[in-house]
Amino acid sequence: MAAAEPKPPAGADAARRLAGGCWSALWDYETPKVIVVKNRRLGVVYRAVQLLILLYFVWYVFIVQKSYQDSETGPESSVITKVKGITYSEHKVWDVEEYVKPPEGGSVFSIITRIEVTASQTLGNCPESVRVSNATCDLDEDCVSGQLDMLGNGLRTGRCVPYYQGSAKTCEVSGWCPVEDGASVSQFLGKMAPNFTILIKNSIHYPKFQFSKGNIEHRKDGYLKHCTFDEVSDLYCPIFKLGFIVEQAGENFTELAHTGGVIGVVINWDCDLDLPASKCNPKYSFRRLDPKHVPASSGYNFRFAKYYKTNNSTTRTLIKAYGIRIDVIVHGQAGKFSLIPTIINLATALTSIGVGSFLCDWILLTFMNKNKVYSHKKFDKMVDTPEQTTGPQLCASEPPWQDSTLADPRGLAQL
């Protein structure tokens, strides 16, 4: 009699079933449950939210912001300036070499419009300015010999002497005499200044896109010799009258010429490089940069001196200059189509449309009368039976769960 074949242990069958269940789980497809709620008001809210999200991405993100483009900000830039014109004051005629500081033609320069001149200063002793703190005196004892005031004009000698005019007395100082406030003469250079012309030559380069352009038209007919800037007809003739710049900045020229000020000439290069290069054009704007409404810091002035040799002694002319400082500022941004930002923003747009479902689910579960009915249909409650807990349950081919269906036969029809 043949011997009975040994039966495989019960644990081996369980292991095979477990392995088969795990293997089949790799190829199963799972999808969320879709519930159709017959409620017109909720449907309108859902479609309205989707429409708003779609309009936001289509109009603002893709059309206005052009998020389908790769972009670069802050172009490499060079600025060269040149001023032309002559003017006159009460005592002399002034040309460019005298009223433009510094003369190199950079992006920041000053045009002198008024000066206060203290002529023929020499090294010696003279009365201190009455504007200096503690400079007035009655006796020599009021002046400390060897005292140096950082806001004064020299080293005090210890003597109290009569001032340049009037009956006042101030402490005597050793320095450049006479001091500025004692013998300065004011001269106004702004009579012809509004007609000064300023050439602003600007070139920009976007290294990421290897794109370069300048603000001067390439012509060989002497175009720049007879043109001035006009936003419509002569955009590529960057020759501006000083009066035009001040006017565009919203300032009064006579007042600005007396007190001085800082005007910004802003050149903006916003270029869509998906279009022809001819569509990339500079845009100019003008505004005042210094705080004119703050008396303590408004206006603009600086000092310089011209030195001479007379009879082996050094003489200088001190000039306090008020003027209009021009700051040329270049901004810009360039963009060109790129696949990566396009894919990223499309994926963001498609994901954001799901916000409508989240909002409507929240309304259903919170505010609707039949929210409990929807909750039971939306979320299945599963019960784990004692019989199904014996043995391995990690990857069974049949899920060890039972549906607890809703007893209401009307379902969601009443929502």
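Including glycine, each Cβ sits where the backbone N, Cα and C put it.
Taken straight from TrEMBL:
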| type | residues | note |
| --- | --- | --- |
| TRANSMEM | 44-62 | transmembrane segment |
| BINDING | Lys82, Val83, Lys84, Thr197, Asn301, Phe302, Arg303, Lys320 | ATP binding site |
| DISULFID | Cys126-Cys177 | disulfide bond |
| DISULFID | Cys137-Cys160 | disulfide bond |
| DISULFID | Cys143-Cys171 | disulfide bond |
| CARBOHYD | Asn195 | N-linked glycosylation site |
| DISULFID | Cys227-Cys237 | disulfide bond |
| DISULFID | Cys271-Cys280 | disulfide bond |
| TRANSMEM | 346-368 | transmembrane segment |
| REGION | 389-415 | region 'Disordered' |
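Only residues 6 or more beyond the boundaries of the transmembrane segment (346-368), in the same chain, are considered here, and those with a CB under 8 A from a CB of the stretch are 37, 39, 42, 45-47, 49-50, 53-54, 57, 61, 374-375, 378, 415. As a whole number, the greatest separation of Cα atoms within the ATP-binding residue list Lys82, Val83, Lys84, Thr197, Asn301, Phe302, Arg303, Lys320 is 24 Å. With respect to Cys137 (disulfide bond), the closest of these recorded positions in Cα terms is Cys143, chosen from Cys143, Asn301, Phe302. Other Cβ atoms within 10 Å of the Cβ of Cys177 (disulfide bond), summed over all protein chains shown, number 20. Cα distances from Cys280 (disulfide bond) to the binding-site residues Lys82, Phe302, Arg303, Lys320 are smallest for Lys82. Looking only at Cα atoms, Cys160 (disulfide bond) sits nearest to Lys320 among the binding-site residues Val83, Thr197, Asn301, Phe302, Lys320.
In the structure shown, across all protein chains, Lys320 is the one of the binding-site residues Lys82, Lys84, Arg303, Lys320 with the greatest number of other Cβ atoms within 10 Å. Closest to Cys143 (disulfide bond) by Cα-Cα distance, out of the recorded positions Lys84, Asn195, Cys237, Phe302, is Phe302. Just so you know, the Cβ of Cys143 (disulfide bond) picks up 23 other Cβ atoms within 10 Å once every protein chain is counted. Shown are the disulfide-bonded residues Cys126, Cys137, Cys271; of these, the residue with the fewest other Cβ atoms within 10 Å is Cys137. Put simply, Cys177 is the one of the disulfide-bonded residues Cys177, Cys227, Cys237, Cys271 whose Cα lies nearest to the Cα of Arg303 (ATP binding site). Using a 10 Å Cα-Cα cut-off from Cys171 (disulfide bond), none of the recorded positions among Cys177, Thr197, Cys227 qualify. Shown in sequence order, Gly85, Lys241, Leu242, Gly243 are the residues of the chain, 6+ apart in sequence, with a C-beta less than 8 angstroms from the C-beta of the residue listed as 'N-linked glycosylation site'.
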